[in-house]
Amino acid sequence: MTTLTLNTSLLSSRRILAAFSGGLDSTVLLHQLVLWRERHPDVTLRAIHIHHGLSPHADSWVRHCETVCERWQVPLVVERVTLADNGLGIEAHAREARYRAFAQTLLPGEVLATAQHLDDQCETFLLALKRGSGPAGLSAMGERSPFAGTLLLRPLLRETRKTLEQWAVRHGLCWIEDESNQDDAYDRNFLRLRALPLLQQRWPHFPAAVARSATLCAEQERLLDELLASDLTDCITAEGTLRLSPLMSMSDVRRAAILRRWLAMRNAPMPSRDALERIWQEVALARDDASPCLRFGDREIRRYQSQLWWIKSVAGQHETTVAWPVWQTPLALPAGLGTVQLVPGGELRRPREEESVSIRFKAPGVLHIVGRNGGRKLKKIWQEQGIPPWRRDTTPLLFYGETLIAAAGVFVTREGAAEDKEGVSLVWHA
């Protein structure tokens with residue numbers, strides 16, 4: 001008799017979203033969760049299938065998943081994602097798009113369940129080893145991980161692929177076979193198809209031993225988290241930036257550990273040792289009058305006022321003007337800068353009937369702002385207000401006609417100050 005144990009100790013939430021590709025692993029997971037729901041009628045179970053559009057069979061896989069979910073009475077969400085070349089490689093990009101879709105689909109109070117198993121854990125460990133990862137990377141996957149404000153659960157992580165297949169055959173489950181899984185040009189497929197069978201032939205318990213090593217690495221990381229918690233608290237500001245002064249007296253090893261944890265808190269990719277060295281040498285230790293910047297995909301690390309900042313890369317908008325003909329409705333800004341709106345109640349005067357409204361990102365001449373004596377150029381105001389250089393040509397400036405009224409969240413000009421109680425506020429949702 002085939003025994004398969006779903007780690008139900010993870011299932012404290014009664015609302016579960018199961019990732020369902022239609023393959024063997026996710027079919028077994030969904031079947032197990034359906035059985036769990038039968039024993040616990042208060043459980044709400046949904047499934048999500050991601051249509052990557054990479055295979056000519058993708059549409060038929062959707063139909064298969066719909067059929068299975070209809071039979072098991074599981075509501076199914078199908079999300080279609082578009083994969084553009086972002087330099088990450090197709091595997092990494094597909095994974096990124098997949099998890100972004102998961103995060104957007106999760107409902108309040110719902111947890112995400114995925115079907116990774118012991119063999120997957122072994123593959124993940126070996127891929128991290130190939131990259132030269134330290135204990136954090138070698139920790140591989142946890143059974144429970146924070147994700148999108150909730151939890152990502154892997155209830156099958158202790159089970160082997162062979163056990164899952166035996167369970168599926170015994171219960172007459174049907175699943176799809178993704179032809180790309182047979183392409184050993186992909187690193188993970190190479191391990192699964194060629195390397196691991198040889199290792200397991202010599203050492204049958206190799207995956208279980210690797211999983212134990214991953215667990216030990218994870219324990220070491222948790223211990224480091226505890227030991228470095230006080231240092232991390234001292235270094236991180238209320239804005240989430242990293243103060244450099246405490247790092248200057250630390251050993252290289254301790255400083256690197258703090259940098260890694262700060263980046264993890266900012267949801268940054270795990271940096272390599274070379275990347276950490278570049279952050280320190282090229283950004284943190286750049287000359288005082290420099291504005292150093294190091295790019296990581298669509299993000300960058302900058303230094304300002306003796307702090308490190310992890311920010312989204314945005315092109316300067318100093319030549320951009322966005323007309324706002326209907327100022328009573330929100331206005332979308334370019335370059336992913338969000339939206340602005342004018343809401344009742346505030347210290348800005350409303351535009352007069354003859355005044356056109358626009359958003360710009362530069363302002364010439366001498367400006368007079370509320371709360372300051374004398375006039376200043378915009379560059380001087382940015383400096384006085386502590387606005388980082390990269391925000392100075394991406395912060396929305398509200399104009400009525402050719403008159404600057406306000407900078408979102410920073411200042412109001414005297415010409416823009418409300419003259420009565422009918423004022424408005426400029427709200428920027430970045």
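Glycine is no exception: its Cβ is also placed from the backbone N, Cα and C atoms.
The Cβ of SER26 (ATP binding site) lies under 8 Å from the Cβ of ALA18, ALA19, PHE20, THR114, ALA115, each of these being in the same chain and 6 or more residues away along the sequence. Look at Swiss-Prot and you will find SER21, GLY22, GLY23, LEU24, ASP25, SER26 tagged as ATP binding site.
Taking the mean position of the Cβ atoms of SER21, GLY22, GLY23, LEU24, ASP25, SER26 as the ATP site, the remaining same-chain residues with a Cβ inside 8 Å of that point are PHE20, THR27, VAL28, LEU29, ALA115, TRP175, ILE176. In the shown protein chains, 20 other C-beta atoms lie within 10 A of the C-beta of SER21 (ATP binding site).
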